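K.L.:
Take a look at the following structure, please.
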Amino acid sequence: MSRDRLADASASVDENRRQVLKGLGLAAFGCPFAGAAAQAATAPARHMTDAPVANVASAEDRVPFFGKHQAGITTPRPANGMIAAFDVIAETPDDLEALLKLITNRIAFLTEGGTLPELDPRLPPADSGIVGPVVKPDALTITVSLGSSLFDGREWLKPLKPRHLSRMKKFPNDALDAALCHGDITIQICANTQDTTIHALRDIIKNTSRHLTLKWKQEGNVPVILPPLGGVAESARNYLGFRDGTANPDSGDEAVMERVVWVGAGRGEPEWAVGGAYQAVRIIRNFVERWDRTPLKEQERIFGRTKMGGAPLDKPEAGEFATPDYAADPEGKLTPLDSHIRLANDRTPAAAENTILRRPFNYSNGVTKSGQLDQGLLFICYQGDLEKGFITVQRRLDGEPLEEYIKPIGGGYFYTLPGVRDASDYLGSTLIAAVRKAP
Ligand SMILES: C=CC1=C(C)c2cc3[nH]c(cc4nc(cc5[nH]c(cc1n2)c(C)c5CCC(=O)O)C(CCC(=O)O)=C4C)c(C)c3C=C
Ligand SMILES: [Fe+2]
């Protein structure tokens with residue numbers, strides 16, 4: 001390639017990165033391109049989904065840990081994600097407080113990055129060492145949520161349980177494996193690279209071994225998609241080959257997130273829970289061999305969208321982000337009434353009450369005992385009301401034609417703690433204060 005063409009190509013890559021960074025709001029993330037991104041303010045805005053643009057992949061990318069809400073929910077979804085569920089050994093408020101402070105300290109360090117201390121070599125090293133002597137932030141977020149069992153198993157916590165937090169019950173198509181369900185606490189770990197998520201998990205397991213036992217974990221990833229120059233990003237595809245995330249609410253719109261995701265004051269939740277959110281996790285196996293033998297037209301009718309472009313079936317040429325008009329198709333001739341998107345959201349004003357923010361990852365676990373690919377979706381969604389959100393939407397989806405190709409096998413419901421305000425605060429501080437205040 002000539003020097004000029006090389007320079008052109010590199011300028012175009014830089015421009016792509018600027019567009020992505022601008023769309024992702026990375027100006028605040030200490031990103032080296034942040035200044036350039038701010039200058040590109042006149043460029044057309046990218047459509048914000050739940051952050052399908054996975055990875056502009058610099059190990060220096062930093063997502064702020066401190067804030068009103070935890071990171072890893074409305075912050076951009078990077079290429080790698082994991083849910084790890086633990087049981088908590090702590091039996092007293094003091095033990096739980098110690099655990100929460102310890103986790104907070106580890107997350108603050110891992111998400112900020114830094115040089116590892118060198119210890120006396122006769123002792124175990126300070127760190128697993130898998131990312132070397134300097135830990136880079138790598139867009140790491142670690143999001144901590146509490147399960148119903150943590151509250152149910154402790155008299156002093158019972159009265160403080162969030163109103164809708166319950167043990168996930170089986171839906172008709174579920175084949176739940178007890179070894180992949182529930183837990184006292186989940187840690188969602190997301191980062192640009194898998195090394196970083198695994199490093200973070202190993203760090204937390206090592207440092208909290210007195211307080212936590214690992215119950216299950218599921219890792220996943222999403223494809224990296226850069227938007228075309230001046231264009232809009234397409235949503236990443238799931239392992240059924242469809243774009244996933246298209247109709248998500250705009251995670252960059254704070255007013256929308258206040259309405260959809262965050263628990264606010266006066267919503268009937270305990271005061272300590274304000275600033276948190278409900279997390280629903282589902283490990284959903286996909287029968288990919290059967291799906292790959294299914295005619296394209298049928299696949300598209302099952303989802304209600306075109307496979308390649310992701311457009312709604314009533315506007316196949318209009319692009320991924322066109323809004324379907326179900327009122328003009330009352331019998332479902334274009335978009336079947338039992339298609340996934342029409343059942344999940346019939347686009348009536350009432351259905352707006354059931355909006356959720358999806359943040360899923362694809363998983364690929366190897367081969368089943370019967371010689372099939374063990375692939376699927378690590379479905380994660382957040383909402384301010386679990387009953388109105390995930391549970392209502394899932395009830396609507398019960399019996400959908402997609403069920404022939406999917407099998408939910410694990411997961412659970414959790415309450416994501418409010419954020420950590422600053423270095424003097426810790427995860428769950430409002431809960432511990434409420435425990436101490438209780439009669
Ligand atoms: C209960 C909530 C949902 C579960 C579980 C779920 C599983 C699931 N979804 C896909 C693939 C797609 N889902 C899409 C849209 C979509 N899905 C849900 C909810 C659940 N999906 C909602 C609320 C929506 C949006 C509906 C709308 O407002 O129009 C799509 C279309 C593109 C998109 O908007 O994301 C796909 C594709 C799979 C494969 C799956 C389980 C394995
Ligand atoms: Fe879906």
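Quick reminder: no glycine exception, Cβ is built from N, Cα and C everywhere.
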K.L.:
Among Arg259, Arg358, which residue does TrEMBL name as a further heme b binder in the site formed by Gly245, Thr246, Ala247, His340, Asn345, Asp346, Arg347?
P.N.:
Arg358
K.L.:
Quick one: what's DSSP say for Asn345 (heme b binding site), helix, strand or coil?
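P.N.:
Looking at the DSSP assignment, Asn345 (heme b binding site) belongs to neither helix nor strand, so coil.
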K.L.:
For a quick check of understanding: among the binding-site residues Arg305, His340, Arg347, which residue's Cβ has the most other Cβ atoms within 10 Å?
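P.N.:
Most Cβ neighbours within 10 Å: Arg305.
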K.L.:
Return the residues near Asn345 (heme b binding site) by Cβ distance under 8 Å, restricted to its own chain and a separation of at least 6 in sequence.
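P.N.:
Listed in sequence order, they are Ala247, Ala351, Asn354, Thr355, Val393.
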K.L.:
What is the interatomic distance between the Cα atoms of Arg347 (heme b binding site) and Thr246 (protoporphyrin IX binding site), given in whole Å?
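P.N.:
Here the two Cα atoms lie 14 Å apart.
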